[in-house]
Amino acid sequence: MKSTQTPSGMPIHKYRPFHEQITVDLRDRTWPARRITEAPRWCAVDLRDGNQALIDPMSPERKRIMFNLLVRMGYKEIEVGFPSASQTDFDFVRSLIEEGAIPDDVTIQVLTQAREHLIARTYESIRGAKQAIVHLYNSTSVLQREVVFRTDRQGIIDIALEGARLCKRYEETIPETDVYYEYSPESYTGTELEFAAEICNRVVEVFDPTPERKVILNLPATVEMATPNVYADSIEWMCRHLDRRDEILVSLHPHNDRGTAVAAAELGYLAGADRIEGCLFGNGERTGNVDLVALGINLFTQGIDPQIDFSDLDGIKRTAEHCNQLAVPERSPWAGDLVYTAFSGSHQDAIKKGFEAMAVDAAAQGVTVDDIPWAVPYLPVDPQDLGRSYEAVIRVNSQSGKGGVAYLLKADHSLDLPRRLQIEFSGVVQAKTDAEGGEVTSAQIWSVFQDEYLPAPLDRVEEKWGRFELTSTRTSSDMGGSVSLDVVLRDGDEVREASASGNGPIAAFLQVLADQGVEVRLLDYVEHALSASGDALAASYVELEVEGVRLWGVGIDEDSSTASLEAIVSGVNRAIRRTVREPELAAV
């Protein structure tokens, strides 16, 4: 088939491909052959990079709530602010320290530019902390050098080195605090690799780390400029060209301008990085920082401990939404309201069968489903492991099929419909969704099921159930196995007693109906208890042929025999309603 696409007419001449701006040439790359086997070191930057991007920056109270959340989740390195840039950030850092809010195993991180008065203020803010990371940065990209700073490479190196020396000097003013260092060549992705390596190596010499006290070199995609594989190539290249690699933690800080921050972080980690900075749910400047939730749960679904607790994901989301005053989108990876929801009929059917297969496998092994590998189509994670329920997994609209409808009836009402009944009832629901549009809830599906197959609920007793209603039954059997059935049957407005015999209650009741002029043939019969308890209700499903019409009936009763007779009444009444309805429709 020939493509019919045409030129867009957009001004593509204004933009240069990345490879014409920055050369990243690593033809002997090794990262594609590697696998992720353990979690990286994490640093949550919600309170700094995330907060500065908010329309309504966090109040001190919301900041404390966010900090406490990050601590509870298990983050051990948390960037808490830019204390030299605002009094609010300075006061927040001081409150954490003075109020003893920082656990001993958590290290706060503070950001500073490479200017003396800002560095001095930064050290003043962390005085008294048990330990802290001072994060020094200056911009190194070609564009920033030419447009913002109007200086050459040496001028940028001088800024970084002077900043590093000042940090070492001011460290002496807070001997009670164990200070670690991080350096970021900001706009790294727009920086020539050889220059990025040169400036990083020069800064490392000033900080003079050891294998026991490593320095963090953060290589940010301040603006995402290329595909994730290019970022990974640059990280592997840098790891090869850092002079004191065993004394360095290589950190990633991807932004999401091109929508591939998660992929960039994962590939960059494969390429040799040790650490990743990001925000919960991808908050941050422009399109956001890399999403720490997506990264962590991606690991979890591969059987790798993220070392972060996501077991109350809805609670985490609610807290983040409160603090950021931003909603997490419904389709946000792993956390959105619709992530574990299937509307498609084929998806619903596959999910239903997946749950059933896991139950069978677990029973065969004599264990619970939590003790066997998770294997449900379209659900790469068990929602319950993240604190979600199965209630919203299957939702029904006009695109749904029998699987979703059957799943909801089984999950919410313990009704395990035979396959052909699933098909029949899904058509009833489909007609409703086609007529009314939108989503049909589980409660609405149950109401439709009752209206179609069961007597009217007690609060709707004025509504007629149909032509026939079984009001009482009594059975007896003789030594030859024949069953005698006595029933009280309402037929329209008349109530009459009837009796018949057969090789069982069902055969006898079919004879009762034949005596009333209704010919019924039984095609299939299925029953099950609605629970495992001894006093459980029984559900019966019968497939009938009534006056040449094939359809199903459903009965629910404490007595399984009575349930089967009620199922026959259900099917017969449905057949009669259908024959009455069709001429009316034809007349219209």
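Placement of Cβ uses the backbone N, Cα and C atoms for every residue, glycine included.
The structure displayed is predicted, hence computed values, not measured ones.
These come from Swiss-Prot:
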DOMAIN    40-314  domain 'Pyruvate carboxyltransferase'
BINDING   D49, H253, H255, N289  Mg(2+) binding site
REGION    456-588  region 'Regulatory domain'
Other residues, Cβ within 8 Å of D49, H253, H255, N289 Cβ centroid (Mg(2+) site): V45, P220, A221, T222, P254, A261, E277, G278, C279, G284, E285, G288, V290
Set of same-chain residues at least 6 away whose C-beta sits under 8 angstroms from N289 (Mg(2+) binding site): V45, D49, G50, H253, P254, H255, N256, A261, E277, G278, C279, G282, N283
Mean per-residue pLDDT computed across the region 'Regulatory domain' (456-588): 83
H253 (Mg(2+) binding site): tally of other CB atoms within 10 A of its CB: 26
The region 'Regulatory domain' (456-588): DSSP-derived helix, strand, coil residue counts: 42 helix, 56 strand, 35 coil
